[in-house]
Amino acid sequence: MNKIYEDNSFTIGNTPLVRLNNIGNGNILAKIESRNPSFSVKCRIGANMIWDAEKKGRLNKNIEIIEATSGNTGIALAYVAAARNYSLTLIMPDSMSIERRKLLKSLGAHLILTNGKHGMKGAISKANEIVSLNTKRYLLLKQFENPANPEIHQKTTGPEIWKDTKGNIDILISGVGTGGTITGITKYIKIKEGKKDLISVAVEPLESPVITQFLSGKKIKPGLHKIQGIGAGFIPKNLDLSLIDRIITVSSEEAIFNAKKIMKKEGILSGISSGAAIAAALKIQKENDFKNKNIVVILPSSGERYLSTELFSRSFKNENNY
């Protein structure tokens, strides 16, 4: 690659799309987002939210960035903040992996932990509380509603997938954390490229199916789960439900099992939310209408970020169930 980048924030994107040969029927294509500079899909939004704040004059060296995160967005913001010389404070539920805490600190971020039982809502509440004490000192990026989040996927991830598949994509599968990934990619393919028949599938935890509850008119009852990075427990503003065609729920155990499976059978190091996306792909591929369709699955992060979790600490007795 004959190019010198201005700083590491500009190295996002152009991640590989890899055919799975040992899982599914050969029509599942995995978008490996761990090939981004801080090894997750969140690198894209971490860079773009900071670039956007700079362009709009909301960020300078006297302002400290603050954000609530489940880990990967925080790591992405931390690497960009380090590369562009900004101070950063992150608020994260203490239920997230030890690896995430260590990475954040190593990248120079100040880390505040909140009670894990309150989930992302608790972290967001704490971030808002801190900013309210000094609105001139802090910039809260608000990843769940910041339009720079889906924008970067509409500008980069969507076009990359379209180019690599030559437009031959029938189904997109993505877990929902902030909703930015699936919204941005789907908007690009359905609206910009005009492929209205794309089936966009959102994945959420079975234990916390708030999107499913919302769409069925039921009371939203978030629950605890182990799929770090998706299932925030509320409907994020960046999730455009008008673009989504299907919701598939995946249990924490299914997600962990399939993350192990893709590592062992395909040689792709994958995190738990990647396992959830693969589980959803295998479910939809079993349906007669979709068994021969081209499926693109977003794999958000790599396995090393989960060494202290159940992804690496136990095996399953009921593997045949999946």
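Backbone N, Cα and C define each Cβ position, glycine as well.
What Swiss-Prot says about this protein:
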- ASN8, ARG35, LEU269: hydrogen sulfide binding site (BINDING)
- ASN72, GLY177, THR178, GLY179, GLY180, THR181, SER273: pyridoxal 5'-phosphate binding site (BINDING)
- LYS42: N6-(pyridoxal phosphate)lysine (MOD_RES)
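Listed in sequence order, the residues of the same chain lying 6 or more apart from ASN72 (pyridoxal 5'-phosphate binding site) and placing their CB within less than 8 Å of its CB are SER40, VAL41, LYS42, ARG100, GLY229, PRO300, SER301, ARG305. In three-state terms derived from DSSP, SER273 (pyridoxal 5'-phosphate binding site) belongs to a helical segment.
Counting in whole angstrom, GLY180 (pyridoxal 5'-phosphate binding site) lies 19 from ARG35 (hydrogen sulfide binding site) by their C-alpha atoms.
Site extent for pyridoxal 5'-phosphate: among the recorded binding residues ASN72, GLY177, THR178, GLY179, GLY180, THR181, SER273, the largest C-alpha separation is 15 Å.
Within the same chain, the residues at least 6 positions away from ASN8 (hydrogen sulfide binding site) whose Cβ sits under 8 Å from its Cβ are PRO37, TYR79, VAL80, ALA83, listed in sequence order. In the three-state DSSP scheme, the residue listed as 'N6-(pyridoxal phosphate)lysine' falls into the helix class. Other Cβ atoms within 10 Å of the Cβ of ARG35 (hydrogen sulfide binding site), summed over all protein chains shown, number 16. The Cβ neighbour count for THR178 (pyridoxal 5'-phosphate binding site), using a 10 Å radius and every protein chain shown, is 26. Neighbour density for GLY180 (pyridoxal 5'-phosphate binding site): within 10 A of its CB lie 34 other CB atoms from the protein chains shown. Rounded to a whole number, the distance between the Cα atoms of THR181 (pyridoxal 5'-phosphate binding site) and LEU269 (hydrogen sulfide binding site) is 20 Å.
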